[in-house]
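Encoded as structure tokens, the structure appears first; notes follow it.
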Amino acid sequence: GQILNDGKVLIHLCNYIEPWDDLSLSQKKSLNQRYQMGCGCKITTCYMVPCSITTPNECLWTDWLIERKLYGHQAKHYACIKRSDGTCSWYRGGPPPEKEFTDISEP
């Protein structure tokens, strides 16, 4: 999906429907910045071991295997993107830290 200029959200993936407020920060940022980078990639869901990718442009989705839910940690915090060499892999994006160091004496 993507955020349009008028602020509306357009979703392209029919089987993943979540209220905007339930999306993680990574998912919200990925709508316009990262998910498009994975359009040439294939996501293969792993339901039970053994499982593996069969082509370099695949990302193995393991949320079900690890958490027993389809939309878990991987879905909320990672995007499958195509790298410059044509292979695909999971990328965890996030906001940069606000401070390089944290002062533990601050209240």
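Glycine is no exception: its Cβ is also placed from the backbone N, Cα and C atoms.
According to TrEMBL, the features are:
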type     : residues    : note
DOMAIN   : 1-39        : domain 'NTR'
DISULFID : CYS41-CYS88 : disulfide bond
DISULFID : CYS46-CYS51 : disulfide bond
DISULFID : CYS59-CYS80 : disulfide bond
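The Cα atom of CYS46 (disulfide bond) lies nearest to that of CYS59, taking the disulfide-bonded residues CYS59, CYS80, CYS88 as the candidates. Taking CA atoms as the reference points, CYS41 (disulfide bond) and CYS80 (disulfide bond) are 7 Å apart. Within the same chain, residues at least six positions away from CYS59 (disulfide bond) with a Cβ under 8 Å of its Cβ are GLY38, CYS41, LYS42, ILE43, THR44, ILE53, CYS80, CYS88, SER89, TRP90. The disulfide-bonded residues in question are CYS41, CYS46, CYS51, CYS80, and the one with the fewest Cβ neighbours inside 10 Å is CYS51. In the shown protein chains, 22 other C-beta atoms lie within 10 A of the C-beta of CYS88 (disulfide bond).
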